[in-house]
Amino acid sequence: MGSTNSTLLKIPNVEVLMQETGFSPAHIIRLHDRFKALDKEGRGHLCPHDFGAIKELAMNPIGDRIIGAFFSPGKETVDFHTFVKILAHFRPVDKDRPKEPNSPEPINSRSNKLKFAFQLYDQDKDGKISRDELLQVLRAMLGMQVTDEQLESIADRTIQEADLDRDDTISFEEFRKSLEKINIDHKMSIRFLR
Amino acid sequence: SKLSSVFSLSLSLYPVIELNHHVISVVPESGLLIILGFILGGIVWGADKAQTFKLLPPTFFYYLLPQIILDASYFMPNKLFFSNLGSILIYAIFGTCWNAATVGLSLWGCYEAGVMGNLDIGLLQFLLFGSLIAAVDPVAVIAVFEEVHVNEVLFILVFGESLLNDGVTVVLYNVFDAFVALGGPRIDAEEIFKGIFSFVVVAFGGSFLGVVFAVLLSLLTRCTKHIQIIEAGFVFVVGYLAYLTADMLSLSAILSVTFCGICCQKYVNANMDEKSVTTVRHAMKVLANGSETMIFVFLGITAIDTEIWVWNTGFILLTLLFVFIYRIIGVFLLTWMLNKFRLVPIEVIDQVVMSYGGLRGAVAYGLAAMLDKDKIPEKNLIISTTLIVVYFTVILQGITMKPLVQWLKVKRAAHADLKLIEKLNNRAFDHILSAVEDICGRIGDNWWTRGWNRFEENYISWLLMKPKARKNRDYLFSIFHKLNLEDAVNYVSEGERQGSLAFIRSDEVANVDFKKQFGSEFTDVMPDIMVDMSNYELGIENFSVTSIVKDTIPSVSLDIHGKDRKNVADDINAHHLLQQHLYRSRKNHRHKFSRSHFSINQSEDEVQEIFQRTMRSRLESFKSAKMGVNPAKKITKHHKKDLTHKMANGHPDGTDHLYGDEEVEGLSMFLSCLIEAGIENPVFLPAMDSPTHSSLPWLMETDAVAPSQRAQWRLLWTPNRLRRLAPMRVSTCSTDSFLMADLEEHEEKPQTDHEEEM
C-alpha cells in the first residue's frame, strides 16, 4: 500500500481530481499508469499522435473524432487531469448517490454523457447538429457501398424524425429527447471504471 | 484399406450434405455426420453381421486427432487467447476437476443407493469414468460453435478450455487408471500426492515441450530461404513430432501440439514464403476437416454394433443428468468467482451458453475404448454410456444451441422499432465505448504485458524471425505499402511501356501477400493483394476513368453500380441501409476462428475499410498541414522502431494544427523510410470520390488540391517530372515532388533488397 500512496502523491491535485470525477484511488493509479504508457516520450502530456499510436483506434470509424474530443479547442495537449475528467464521463452512474441540491452534476450523469456524445457530432460547437455535420458522421459510420444520395436521404430522414422546431438542425434538447428510450447509462459506461 | 474406404466414402458424401444449406443451418454438420455414420454402420452390419469398422483408439489418437488440434492452435487468435488465459485456465483445470469429481461421486452415490442394480463396479471406477466424461471436447466445440456466432470472448473461453483441459483429463485418467490397478486399499496420501505432482509434470511438461518444438519450427523456417518448396511440410512434420514426443514421454500430447501451434504461428507466418503460408493453411484445413468428418462418421458407425451395447437405464440417464447439471453449476460457480477479478465480467447469457456448450466428443470415447476390460469389467457399459452422452451433446445440444442463443439475444435486445436516430446513435455509442476502452487500455496495459512485448520484440523475434520479416513488422508501414502498391504497379507498368525506367519488373512484385508478411498483429486486417497485371492496359493517350477506379483493392467494395441506383427516399429503405451498412463495432461479434474459412470475411473487410479511411484522412490532413511548413529538414535514416511513435495524426476535420518540428521530421523520416524501402509516396492515394477531368489539377504546380489518382499519374509524366525522376535511383518509386527536393541533397541511399521485399 505504501507504493500506492506514493504514486498518488506524485500526481498533483489528486484529491480534487478524485472529488470531481468520483474515481477511487486505485482507478486513478491505473489511469495514471495508462497515461504514462501512452505518453511514450515522458513529456507529461499527450498529443494527438500519442492517441494515434493506439492501433485499435485506427480501426474505429469515429476514432479520430473521439481523439479530438480529448483536446479542448485550441489546445494540442492533454494533461492528466483533462484525461481523467474526460474518461470520467464513462463511469457507470452511481445510483445510490444522495442528491444534494446545490452540488454540480457529476461528470458521469446521464445528461453529461449525452453532451459528450453530442459534441462528437457538433464539431463546430455551435450547440446544434447541422445537416452537414450529420452527413459527415454518417459518412464515417457507413460503408463505402452507400452512395452519396442514399447518405443524404438518410440524413434528411434522421433530421426529420428528431427535429421538433423545424429549424433543420438538431439541438441538444432535441437530441436528448430523441434518445430518451435508450439506456444511456448502460451504453455509455465502462464497467471497470466503476 | 478399410480406413481408406470409409474415408473416401464419407468424404464423397460430405458434399451432398454441404449442398443442403438449409439442413446445415438447423442441424450442425457434426450431428449429420454422426447420423450418416449410423447409416453406414447399418449398411456394414447388414452386410457382415458384425461391425468390422471400428474407431480404434490408436487410429483416433494418432491419426485423426493431432491435425485437428494443430489446426485449431495454428489459427488461434493469440491476443484474445492470452488475454483471457487466466479465465481459460480456471475453467480448464478447476472446471474439469469439478466435473470429474462430482459426476463420479454422484454416480457412485446413486449406485450405493441401489438405483443402478447390480454392477461390478467401485468408487474408483466411477471416478475414472467421471474423469473421462468430464472433459469438454475441442472437436465438438468447434463443430457446433462454428454455426452459432457468439462473441469472441465467449468463444475463446469455451474453445480454450476445451483445448487446455486435456492436461487435466490425461492426468486424471492415468491417475485413476493406476489407482484402479492398484486396488482400493493401497491408496494413501503418498499416491494422491503423486497424482497431483504428475498433473504438474504432465501439464507443464507438455506445454513446455510444445514451446520447444515451436522454437524449433521457427528456427527451421528461418533458415529455409533456399528450400522454400518444402517449407510447408515442416509445419506438419514438427507439429506431429510434438504430439508424438509428448505422448512418448507420457506428457499431455494435446497441450504440446496446442502450444506448438500457438507459439509458432507468428514466426512461421513471418518467415515463410507467402506461397508456403497459403499451402500450409489450405492443407491444414483439408486435413482438419477430413479428420473431423471421419471422427464423427466413425462415432456413428461404432454405434451399430450389438457387441458393445450394455443398457443400464439408471446409469445412462443419471450420467446424462449429472453431466448436464454439474456443468451448469460448475460454470456459474467459477464465473462468479472469476468476475470478481476480471476486467470485463462475463455476463449471465454467456454463462448459459458456456454451460450449454460443454460438449463431449470423440476424446471421451477414445479414452473409454482404451480401458482395460480385465481391470474394468463394466467397460462396455461405460462405452455405451459415453457414446450416448456424446450423441446427446453433439446432436441434441448442437441442434438446440443456435435457437437458444438467438432466443436469448432476442430476449435481451428488446427490439422495439427504433427510429433512425436511435439506431444510428446505438451504433455510435458502441463505437465510442470501444474507443474509450481502447484508450483506457482495457486489457490492462500493465507492466507485465508491456515488458513481455518489449522482450519479445527485442530478443525472441531477433532469434526466431528472419531479419527481413522483422523489418517489415511495422504495421503502419505495411498499410501504406498496401495502399500504394496499386499505384506502384500502375506506375511500373506504365514506366515499362514508356521505357523510362531501366529495370525489369519481375512477376513477384504483384503477388505480395501482405497478410502473411506484415500481419504480426493485424493478420485479419492485411488483405491479400493479387493484382492482376493484365488489368492494366493503359496508354498515355487513352486514360479511362474506369480502369483506375476499377476495384483493385479487393476488400474495399466500390460498388460502381450502386451509383446508378435511383433510390427514393423511403423510410424503409433508410432503415434497411443503416441495418446493412453501419460498420460493426467490437461488440457486434467478430467471429475469428472457423473450421472452414480462413480468408477474409465480411467484418474483416469492414475493419480494413475503416482502417484505410482513417489512415487516408490522417495523411491528408497531415498533408494539408504540411503545405505550410517548409520541408527543409534533412532526412536522415532512423531505426524503424522509433517510427511507431512518430506517426502523424490529423485532427479530425483538418483544423489547423501547428506541427512541431519534431513531428515534421518524424513524418519525413517515416516517409523517407518508405521510399527507401522502395515504397511509394503515400500521398498517392486513390481518391475516394471519382476523379474529375475538368480542373486539370496536374497543371497546377501547387499541390493545393489533394491530387486525384488520375491527376497524380499525369503529374509524373509531364516532361519536367520525367527528367527529374530519371536520374533517381532505379526503383519502383513514385515520388512526391517536394520530398524529391529534399532527397537531392541526401546521398544515395543503398538500394535495399526491395525487389525481394516486393
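From the backbone N, Cα and C atoms, a Cβ is placed for every residue, glycine too.
The domain 'Cation/H+ exchanger transmembrane' feature in TrEMBL is assigned to B:11-407. The transmembrane segment annotation in TrEMBL covers B:30-47, B:59-76, B:88-111, B:123-145, B:196-220, B:227-243, B:286-304, B:310-336, B:381-399.
It is B:88-111 that, among the stretches B:30-47, B:59-76, B:88-111, B:196-220, forms the most Cβ pairs under 8 Å with the transmembrane segment (B:310-336).
When each of B:59-76, B:88-111, B:196-220, B:381-399 is checked for Cβ pairs under 8 Å to the transmembrane segment (B:30-47), B:381-399 comes out on top. Counting only same-chain residues 6+ beyond the ends of the transmembrane segment (B:196-220), those with a CB under 8 A from a CB of the stretch are 167-168, 170-171, 174-175, 234-235, 238-239, 241-242, 245-246, 249-264, 267-268, 271, 463-465. Most Cβ pairs under 8 A with the transmembrane segment (B:381-399) among the ranges B:59-76, B:123-145, B:286-304 are made by B:123-145.
Same-chain residues lying 6+ beyond the ends of the transmembrane segment (B:59-76) with a Cβ under 8 Å from its Cβ atoms: 3, 138-139, 142, 159, 163, 235-236, 239-240, 243-244, 247, 253-254, 257-262, 264-265, 280, 284-285, 287-288, 291-292, 294-295, 298, 362-363, 365-366, 593, 595, 598.
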